[in-house]
Every structure is written in structure tokens, then in C-alpha cells.
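Input: a single structure, listed below in C-alpha cells.
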Amino acid sequence: NGCDFKYCCVFSAWIHGDPRKVVYPTDSHGQFCGQQDTPNANKAILFYFNMLKCANPAVLINLQCPTTQLCVSKCPDRFATLLDARNTKNWEYYKQFCKPGFEIGSKVRDSVPLCGIKSFFVTSCHFSHFTLLLHHRGIASLLNAKEVGMKIFEDYANSWIWILIGLVITMVVSLVFIMLLRFTAGVLLWLIIFGVIIAVGYGIWHCYWEYSSLMGKPGSNVTITDIGFHTDFSIYLQRSQTWLIFMISLSVIEAIIVIMLIFLRSRLRIAIALLKEGSKAISYIMSTLFYPVITFFLLAICIAYWAVTAVFLASSGNAVYKVAPADDKCMYANLTCNPQTFNKSNITKVCPGSQCMFAFYGGESMYHRYILVLHLCNLFVFLWLVNFTIALGQCTLAGAFASYYWALKKPDDIPACPLYSSFSRAIRYHTGSLAFGSLILAVVQMVRIVLEYLDHKLKGSQNACARFLLCCLKCCFWCLERFIKFINRNAYIMIAIYGKNFCTSSKDAFFLLMRNVVRVAVLDKVTDFLLFLGKLLISGSVGVLAFFFFSRKIPVFQEEVPSLNYYWVPLLTVIFGSYMIAHGFFNVYAMCVDTLFLCFCEDLERNDGSSSRPYYMSPGLHKILRKGEEIPKSSAAS
């Protein structure tokens, strides 16, 4: 069955795979560079002897650079002619870059030595009569990317403590914010709204001030297109066009926020009441705020499982050796060879100077031919596990918040340890339903990945009909994924409430939402908008604080700021991390609101407020929600 196939793939990868093939470079003899307990233990660098031979387009087809590969302990820092190398003093240095057994009087084959990153290699010994100057754009770009990467790594190494401090501040602020919502939900939410409006307005004013200040300075009118791409973002901040773009973007955002608030003003009170009820539920079940830590831990396990399996699959091939001829006339070029018997074969006589060199890791067995299929299976299992982990979290939180809503006397009737009880029920009774819903979503996501791959391959295609059809399919499956996520989320809530299977719960949730489509369309989007503003305010505030800190604009902390190559590296990390942390906390809040909303709709249909069938919602919530319903009715009647 499917599970047996999945485990068969995993075990096959772990049996045949060897992560050393990914971690350590491999020389021409198939030996690892830098691995302990080998002759190359202290030689962790791969060295190309003649980089020019790798520029042949045939390398992309044969997956082999026709020049010998050698493990070295360090890159050469000097160059010499062959006459200089003959000097005994210099020979002690240069012979470490020669093939073992090479003598000073041997024939020289290859040309200029060149050292590079992990995948660069070296082979036989040769000293050029000239110095090679690199003008190849690809190599120059690669070396530039390596330099930028090293600088970014240094910035992380120097600022990681302050990045963690920023993320901890975000965590504390998010926790305090949600705690305060219980007592001052209305005030805080209006503060969020006006805070975002004021913050964006200040951004517009600041961008206008920077734009006006730079207009008269020489060179400030140079466009961003003329400058090109630079890793130093401060160059862009010295151009007036940059601040003009920022000002226009913020103005559009400000206009959208204000227009949405104008049209949704009548529903803000209802959304605030629902959020206030949600904060009250969270205050009684505080453990729910820390459940995202469990989800994060489980997702980390899923990612680790996928990554380890992918590495084992990628390294499960055997070493393949191919003939590397000295010229292009050899009939045995690029044929598979055996390095142990190569010198005794007829190839060395027909093609003098040819070598049997390591090419790549692969194989001709059925297992090796289906490596790509196994990678796709591993990706599909990864998507399935991730969706199942998220579904488990949603069902657990929904069960905990449902136990709050259906307690007639709050908080006396709330069961003990509601989060643990809900998690236990989800694991014991609802695993199949959660797995089935996750499977449907994983299939759609897998189809979307395949479509994205096909779209990437057809970028240069001249067939307009195929591109249009592919674009339509991508759009349709994106909408389908969003719809399935929406249905699954509400189905998991119904599973947590009634304990029915996935299909029945999906049907019940769908028709319940259709019977309350006006409430869903308005309240759901309004609450999502308010929660988004909360996430934006928290992450934006921490981001502004980080900007002033890392740009040394806070006098008190100027001496504490670490030396950085690019201050935007820790800044963007703090902003992104802050948003993700706030997103995790507010996701719990959003799940609470969605659960309470579905419970409210179910409560209205099952009960009538009489003594025999009392409402489980709080009187204040019922009053506000009922009052909100009268607004559209009166508008329609008029």
C-alpha cells in the first residue's frame, strides 16, 4: 500500500545514500577531500587544474569537466613558470599541487591552475608561462556572490545576539498585547487602527522630507535603473527617486486602509466584540498561546525528515568514471571506464594521454533510474506531513476553544486541561480525518508545484496557447487550494465539536457557513483585517526600533552596535522574524475567533434563548451580533 511504498523509498534512500558525497568534495580518483582517517584528511579544497576545459558546453551534457581533480590543503597564492618551478626551493611548494608520483621531468599536459569553491578541482601538474586574467562574467559573478555571502555571514555572526533580543521583544509585546485585549479590546483595536494610519502617514511625511532634501543635491536625480543592482542599500537611499517610490507606495497603502475602514465601519463594533470574546477565551485557556511552539517543533521534525531523506536520495548513486581524452579525436571519449583496469586496457594505446576520471554519482540499476520519482515521492510526503501538522494544531485549538464556548457557566463549566484533552482526542480519534484532509490539500499543492515547474520550462516557448492554458491552470489550482484550506479549517472545527468524520464535517461546515454567508463575508474579513493590522503594527514597530538601532541613530546604544557590512541584513531578519512570531500568536487568536463564530452560528440554530434551550453565548455578544444584523435589514427595507 501507500505507507509501505513510502517506507520502502525512505529505507532504500537510507541504505544506498551516503551524505559524505554531499558534504565532502570528490577528486578524480573518487576519494573524498577533507574526510578524517583518509590520506586527504587535511586536504579539504578541490582544485581545478585547467578551468578553461570546463567552459566546454559538452560539460553540461556529460556532467564531467575533462581536467584532473586534486585535493589540496590550501589554494595556491603564487604563480611561476616551469623554469622557476625547477628550482629546488620553489619545488617544495609547488609539488603539493601536482598529481602523486609526478616528477619534474614528466610531460606537462594541462595549462593554467585555478582554485575555486567546493566544486572546483585540480589535476596533473603544470606551470604556465603566463598569468591568467579572469574576465569570464560567470566566474566573476560567482566570486562576487561568494564575497557577498561571506559578508552576510559575518553580519549574522556579529549581530545574532541583537537579532535574538529583537525577536524576544516581539514575543513579549505580542503576549502582552493579547493579554490586554481581554480588558481593553475596543480601545486597543482602535489604537491599532489609528496607530497604523498614523505610522503610515508619518512614513509618507518622512519620505516626502527625504525627497525634498535630496532634490537639490548633485547626483540625487540619477535613476535607480542607471545605478543598477548594488548590495549596499545606502546607495539607493541617496537617490530622490527611491524616496518618491516609497512615498507613492505608502500613499496607496494609506488610501486602501482608509477606504476599507469607511466601508466596514458599521461592522467594526461586531468584530471588536468577537475579538473581545476571543481574548476572554484565551485568558481562561492561556496554554493555547504556547501551542505554536509544539507546531513549530513538529514542523521542524518534518523539515528535518524531508531534508535528510533528500540528502540520502541525492547521494545514493555509485561513483561513475568516464574517459577524459587528451584531444577531441578519441573514439572512447566520455565512455564509462574502470580506474583499476584502465591502464591495462586498449584505450590508453588508442588514445594516448587519456585518463579514467571521476565524473558523477549515479548508476544504471532500476533504483537509480527512478531517483527523480523518489524525490517527488519524498516531496509529496513532506507536504502531507506539514499539512497534517497544521491540521492537528487547528483541530486541537478548536477543541479547546469549543469547550470554552459550550460551557454554560463560564468559567466553572470549562473542563480541566482543555488543551491537553483536545490534543488527546485529536490524536486518538481524529487522526484519520486529519490525514485525509491533509492528503487532499497535499495533492493540490503537488499539482501546483508541477505546474510551476512546467511554467519555468516553458518560459522561452513561443507557443502562446500553451502558456495561456498553463496560466489558467495555475490560477484555477491556486483558487482551489485556497478554497480547500478554507473548507478544511472549518471542517476541523466541526470535527473538534462533534467528532464526526472529515466528509460529514466538511459538508456540515460548508452548509452552516452558506446559511450564514453574510456574517461570514463581513465578520471573517473584518476580524482578519484587524488581526493583520495588529501583526503589522507589532512587526513594524520592532522593525523601526531595529532600524534606528542598527543605523546608529540611538545615541544611548551607539557604542553597542556591532560593526556590520550591510545593516539591512539583521534589520530584514528582525522584521521577518517579528512578523512570523506575531503571526504565530495571532493565528491562535484567529483560530479562536473562527471557532467561536462557528459555535455561535450553531448555537443560534440549535437554541432559542428559552429556559429549556438557553444560548451558550454571552449576553453581551448576542446583543451586539443581533444588533449588527438589523443594520443590513433596515438598509434593504429602505
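Using the three backbone atoms N, Cα and C, a Cβ is placed for every residue, glycine included.
What TrEMBL records for 160-180, 187-205, 243-264, 284-308, 367-385, 427-451, 529-550, 566-586 is transmembrane segment.
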Exercise. With the transmembrane segment (187-205) as the reference, find which of 160-180, 284-308, 427-451, 529-550 contributes the most Cβ pairs under 8 Å.
Key: 529-550
Quiz item: Hey, does the transmembrane segment (284-308) touch the transmembrane segment (367-385), meaning at least 3 C-beta pairs closer than 8 angstroms, sequence gap 6 or more?
Solution: yes
Quiz item: Which residues, given as numbers and ranges, are at least 6 beyond the ends of the transmembrane segment (160-180) yet have a Cβ under 8 Å from it?
Solution: 188, 279, 282-283, 289, 534, 538-539, 541-542, 545-546, 549-550, 562, 570, 573-574, 577-578, 581-582, 585-586, 589
Exercise. Rank 243-264, 284-308, 566-586 by Cβ pairs under 8 Å to the transmembrane segment (529-550) and hand me the top one.
Key: 566-586
Self-check item: Sequence-remote partners of the transmembrane segment (243-264) [C-beta within less than 8 Å, at least six residues beyond its ends]
Solution: 193, 196-197, 200-201, 203-204, 207-208, 210-211, 214, 224, 237, 522, 525-526, 529, 533
